[in-house]
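Copied over from Swiss-Prot:
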| type | residues | note |
| --- | --- | --- |
| ACT_SITE | His104 | active site, proton donor |
| ACT_SITE | Glu434 | active site, proton acceptor |
| ACT_SITE | Arg619 | active site, proton donor |
| BINDING | His86, Leu87, Ile88, Arg114, Val136, Thr137, Arg138, Ala139, Asp140 | (6R)-10-formyltetrahydrofolate binding site |
| BINDING | Asp347, Asp368, Ile369 | NAD(+) binding site |
| BINDING | Ala393, Tyr398, 432-433, Arg460, Asn492, 526-535, Tyr613 | UDP-alpha-D-glucuronate binding site |
| REGION | 1-304 | region 'Formyltransferase ArnAFT' |
| REGION | 314-660 | region 'Dehydrogenase ArnADH' |
| SITE | Asn102 | site 'Transition state stabilizer' |
| SITE | Asp140 | site 'Raises pKa of active site His' |
Amino acid sequence: MKTVVFAYHDMGCLGIEALLAAGYEISAIFTHTDNPGEKAFYGSVARLAAERGIPVYAPDDVNHPLWVERIAQLSPDVIFSFYYRHLICDEILQLAPAGAFNLHGSLLTKYRGRAPLNWVLVNGETETGVTLHRMVTRADAGAIVAQLRVAIAPDDIAITLHHKLCHAARQLLEQTLPAIKHGNILEIAQRENEATCFGRRTPDDSFLEWHKPASVLHNMVRAVADPWPGAFSYVGNQKFTVWSSRVHPHASKAQPGSVISVAPLLIACGDGALEIVTGQASDGITMQGSQLAQTLGLVQGSRLNSQPACAARRRTRVLILGVNGFIGNHLTERLLREDHYEVYGLDIGSDAISRFLNHPHFHFVEGDISIHSEWIEYHVKKCDVVLPLVAIATPIEYTRNPLRVFELDFEENLRIIRYCVKYRKRIIFPSTSEVYGMCSDKYFDEDHSNLIVGPVNKPRWIYSVSKQLLDRVIWAYGEKEGLQFTLFRPFNWMGPRLDNLNAARIGSSRAITQLILNLVEGSPIKLIDGGKQKRCFTDIRDGIEALYRIIENAGNRCDGEIINIGNPENEASIEELGEMLLASFEKHPLRHHFPPFAGFRVVESSSYYGKGYQDVEHRKPSIRNAHRCLDWEPKIDMQETIDETLDFFLRTVDLTDKPS
């Protein structure tokens, strides 16, 4: 049975050995080049492949069409992935008639995502395991083929648990690979309501927060002990690593982080105390706790910190132009929920952000970006991150006011982009799913899909082309002048405060707001060209969480990236959206205040949008970049979004003159 293997780490090596022992013919192996900043304590898949005479590759992007074509030429019967670190696209997964299977280091459906070995220790679990499951587009979500449980002992650390999991994986593969080969497997669907998902960990995540219980800190030490980078803390500005520890049920009134004793080295925690058994100063060698205390100059009563004493306390300053808009006001709410952001905003109105106007870390000026150029330039210079969210983004305006769309969406934003270049500020720019135009790909991919628009005499494309050209300008500034940027492409975000019903009355709103207005007023729901066009609708909360992670930019992973933010699972036609909305409306507690439903009416796009309109039949995002850069995937079902959006708008209606 011919197979193509994607593999890395010890699990990759043992997976390859298991396949060969089971009689599989491995046509090619795909792996990664080693990261020079990572301690390589594990086996080399590349070396093993070379020793076994198997072709081995380490492409930067295995999902590139050229690699998809080369893998297709290998005609694999089955595909296996053993700890390969990138998501594999659906085009590759579909190449194998017998399917694709992944080995995951947890008991799915728990601990989907990255670093499950470390996360189970961080969270103090007493059991984990290994799972072989069928691969689907979503990470770790396919049906389970086989599992083995592994007990976690109280004295297990990351490396000992790693060895246990490797042993279990060998057993599991030895038992299961022959069954896959003969097509004799029983698959069990995962229960989505029980799933948990965890993101990538970085060395910076392992700081010891002394206000937490000693047991929690001890678990952190176990989770990242050598050969992982280790848990750490600071004495003043000097960093040190804790390699091993013990929990003491020490009753102390000392402040968390205070040194209770130096022999043994005992630190007060939020609950109990942590003994540092072995550790290492940043410029030293590993030593036992009391010697480390002497090296660091610790005495009873000394204080340890989670960050350097001189660490900057200043909040990150975020400039949001168009702060009163749909994305702007929800993003402001998310940023102000944290304690390390200062938000500066400009917009022509403030109705959606009135709830923030008295917040001490929110600063708002009412104004127009085409007039307040000096204010904008000053605040670009002053702030750390710039989000120019001002745009005309309603389809009817593309044909009704194409020049205004160009002037605002392109010309005004180009000026802001140039300010960011001038003052070397990071820009997070809202591209759009519209840039893909009439692309025929099943999934619209940021790095590979063609951007296809209609002829010049179809002005509906002026928005798409304006945004696309700005994307290209930003990319060029990044390449040639070092502009720090991220482009994000929202796919049909929905939720409360999307447009308003007054905008819908003049046709200048998005689809769901227009449909809600029809229900409120008792007018027919208009289905443009039958409403068969499909879109992938995304809850604003999912979208904002992804955007927040772009702003956070952990490990600078978002720099220079284009990221689709959408929900491929929430695909529906406009007609289906209308039917779901109607069902929600009919059972809403305020339903009796509104007129009877007036039915659906099919209208031609030219009569609704005017001359020069073209529509797009489907628009489904690939979200592999969002997985890779943000450890993000959408979670909220479309029906929940519809219910909450409808409820919000119905409660904004003045019911005094409505029938009861």
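Just so it is clear, glycine is given a Cβ too, placed from its N, Cα and C backbone atoms.
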Which entry in the list of recorded positions, His86, His104, Lys526, Lys532, Arg619, has its Cβ near the fewest other Cβ atoms, using 10 Å as the limit? Lys532
Going by Cα-Cα distance, pick out whichever of the recorded positions Asp368, Ala393, Ser433, Asp529, Arg619 is nearest to Asp140 ((6R)-10-formyltetrahydrofolate binding site). Arg619
Which of the recorded positions Ile88, Asn102, Asp368, Ile369, Glu434 has its Cα nearest to the Cα of Ala393 (UDP-alpha-D-glucuronate binding site)? Glu434
Given the recorded positions Asn102, Asp347, Arg619, tell me which ones have a C-alpha lying within 10 Å of the C-alpha of Ser433 (UDP-alpha-D-glucuronate binding site). Arg619
Spatially speaking, which of the recorded positions His86, Lys526, Arg619 is closest to Ile369 (NAD(+) binding site)? Use C-alpha to C-alpha, please. Arg619
Counting other CB atoms within 10 A of each CB, which of the binding-site residues Arg138, Arg535 comes out lowest? Arg138
Among the binding-site residues listed as Val136, Lys532, Arg535, within 10 angstroms of Arg619 (active site, proton donor) by C-alpha we get Arg535
NAD(+) site, defined by Asp347, Asp368, Ile369: further same-chain residues with Cβ within 8 Å of the Cβ centre: Leu321, Gly322, Leu346, Ile348, Gly367, Ser370, Ile371, His372, Val390
Taking only the recorded positions Asn102, Asp347, Glu434, Lys532, which one has a CA atom nearest to the CA atom of Ile88 ((6R)-10-formyltetrahydrofolate binding site)? Asn102
Sequence-distant neighbours of Asp347 (NAD(+) binding site) in its chain (C-beta under 8 A, six or more apart): Leu321, Gly322, Val323, Asn324, Gly325, Gly328, Ile353, Phe364, Glu366, Gly367, Val390
Nearest of the recorded positions (His86, His104, Glu434) to Lys526 (UDP-alpha-D-glucuronate binding site), judged by Cα-Cα distance: Glu434
Calculate the distance in Å between the alpha carbons (Cα) of Lys532 (UDP-alpha-D-glucuronate binding site) and Val136 ((6R)-10-formyltetrahydrofolate binding site), and round it to a whole number. 27
Going by DSSP, is Lys526 (UDP-alpha-D-glucuronate binding site) part of a helix, a strand, or coil? strand
Determine, to the nearest whole angstrom, how far the Cα atom of Asp529 (UDP-alpha-D-glucuronate binding site) is from the Cα atom of the residue listed as 'active site, proton acceptor'. 19
